[in-house]
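K.L.:
Below are the structure tokens for one structure; questions will follow.
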Amino acid sequence: MNITIISVGKIKEKYLSDAINEYSKRISRYSKIDIIEVADEKTPENPSEVEKSKILEKEAERILKYLKKDSFLITLEILGKELTSESLAKKINDLSISGKSDITFIIGGSLGLSKNISEISDFKLSFSKMTFPHQLMRVILLEQVYRSFRIINGEPYHK
């Protein structure tokens, strides 16, 4: 299994970097894990719809450069499907059993993801209807991927 996380924006806070490194290390027992950061665009204070669209398209171009043709794409979107931890584990396990050994998760920047990226997504996943900072979302996603592997392998995990 190969897990790739493509995320818009850099992690600036040490405590988030530490958490990302810790969960990446834990996941590496079960799967190869790659985290790719693409640059985010500077967003003006009150961007117009045209400015938002241009920003999202520039970020989408950067994301597209890293997509593998045969990877199963899961985008993180507010309007995606909400899953329990057990359901996410089942989804990852089912993909693995069906021969999809490459899964790519995509986390957008402060404005989310462009329609172009959303349209090519194989599965739209929502963690909540609430908005989270994309840097924190990376930690939350990694924790849930780690938890999924623990569930898949019948290992105990914190409830």
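Quick reminder: no glycine exception, Cβ is built from N, Cα and C everywhere.
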K.L.:
Out of Leu76, Leu95, Leu142, which is the one Swiss-Prot records at the S-adenosyl-L-methionine site of Gly108, Phe127, Ser128, Lys129, Met130, Thr131, Phe132?
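P.N.:
Answer per Swiss-Prot: Leu76.
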K.L.:
Whose Cβ lies within 8 Å of the mean position of the Cβ atoms of Leu76, Gly108, Phe127, Ser128, Lys129, Met130, Thr131, Phe132, the S-adenosyl-L-methionine site, other than those residues?
P.N.:
Ile78, Ser126, Met137
K.L.:
Near the Cβ of Phe132 (S-adenosyl-L-methionine binding site), how many other Cβ atoms are there if near means within 10 Å?
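P.N.:
The Cβ of Phe132 (S-adenosyl-L-methionine binding site) has 15 Cβ neighbours within 10 Å.
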